[in-house]
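Shown next, in structure tokens, is the structure this report addresses.
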Amino acid sequence: MTERDYTTFETIDLTSEEVLQCSYSNWSKLFPGKTFPSKIIKPLPSTFLDYLASESIRLPSNTNNKKITVLEADSDNEYSDWDDEEDQQQDAEHNDNVFSQFQDIQDKIDASIQEMGGAVFTKLNWSSPKDAKWIMPGNTIKCQNVSDVYLLLNSSDHIGDDLDNPFSEVQKKKTIPEKVDYELVLTKWQEINPAYEFRVFVKDHRIIGISQRDNNKYEFLQGLKSELNEKITQFVEDHVIPKLKSDTQLSKYIVDVYVSKNDIYIIDINPFSRKSDSCLFTWVELLDKKDKHDNHHELRLVENQNFAKEFSESQVPIEVVGATMDTEAMVELAREWDKLQAKEK
């Protein structure tokens, strides 16, 4: 094997400060009118963060569910449920006690949802729970009440990573802060066309690539490719790059944008790291663009239909999805799981 056969794994010098500057509240305030209306709830108490990080899914008892069902993983990663009335009553009391510890957060979520028209989508500092939309009726991240918000946040691996490993890609571990000021972001729900969502990669204050975000093929985009490239490039070069260059220390980052009929909106700004999806590029391709004077970049669109489901690594069999919509079905699913585990022992 010759030297040409090897691909050098190039590290990305990501700093903890870059990660923090990509926290929603830090960058969104720089772009008034260029983001969708949002409410930021912070600081978040440790009791609320512990609730999000727990291995059980608990929802407030003042929902429409007449019966509270709580599934918890034990040390063997097996699941059990409570059948008798006494256990259910005890669990209901514990459930109420858990939520009473951050009732003010729940009240703020309720108020924010109402203020923004009755529907929002949610995220923490960096990630949204898109990977957990399978658990919601209608396969959506649209939240219309507190329980929707809690269910998505509790079920998301992306949110878990925000809580447990926000600085995992930072090389200089000694610079990592001991404490993170977490925030809950509630953004007014928008009916958007996923075909017009794009991811822009910026390095050394210049665009090095633009990619379609949705993994479906849209024939009509091919005819708009040149126009979209021009519009997105102009927006990022005129608004995003100059502002982040003057007001932050960011020189590399990833910008998610939505191209509407009359404007372009910033959906998110992410750290420039392999933890972020490189979409239709490879990280080798992106990191190979080292000439700071080369302003040429490519916009890539999906050319072949992709039948793989997005976030499939975070999804579960259809029986589980059905169970999430029916508490009795969820209990029955837990019983069947225990029976299967017992047979294997």
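Don't overthink the numbers, they just go from 1 along the chain as shown.
The backbone N, Cα and C atoms fix where each Cβ goes, glycine too.
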LYS123, TRP126, SER128, LYS130, LYS188, TRP189, GLU197, ARG199, ASP256, ASP268, ASN270 bind ATP per Swiss-Prot; candidate in ARG206, ARG213 listed for that same site: ARG213
Which of GLU197, ASP268, the listed binding-site residues, has fewest other Cβ atoms within 10 Å: GLU197
Residues near LYS188 (ATP binding site) in space but at least six apart in sequence (CB under 8 A): PHE36, PRO37, SER38, MET116, GLY117, ALA119, VAL120
Site with most surrounding Cβ atoms, counting all protein chains shown within 10 Å, from the binding-site residues SER128, ASN270: SER128
Neighbour-count leader, CB within 10 A, binding-site residues: LYS123, ARG213: LYS123
Maximum Cα-Cα separation (Å), residues LYS123, TRP126, SER128, LYS130, LYS188, TRP189, GLU197, ARG199, ARG213, ASP256, ASP268, ASN270 listed as binding ATP: 21
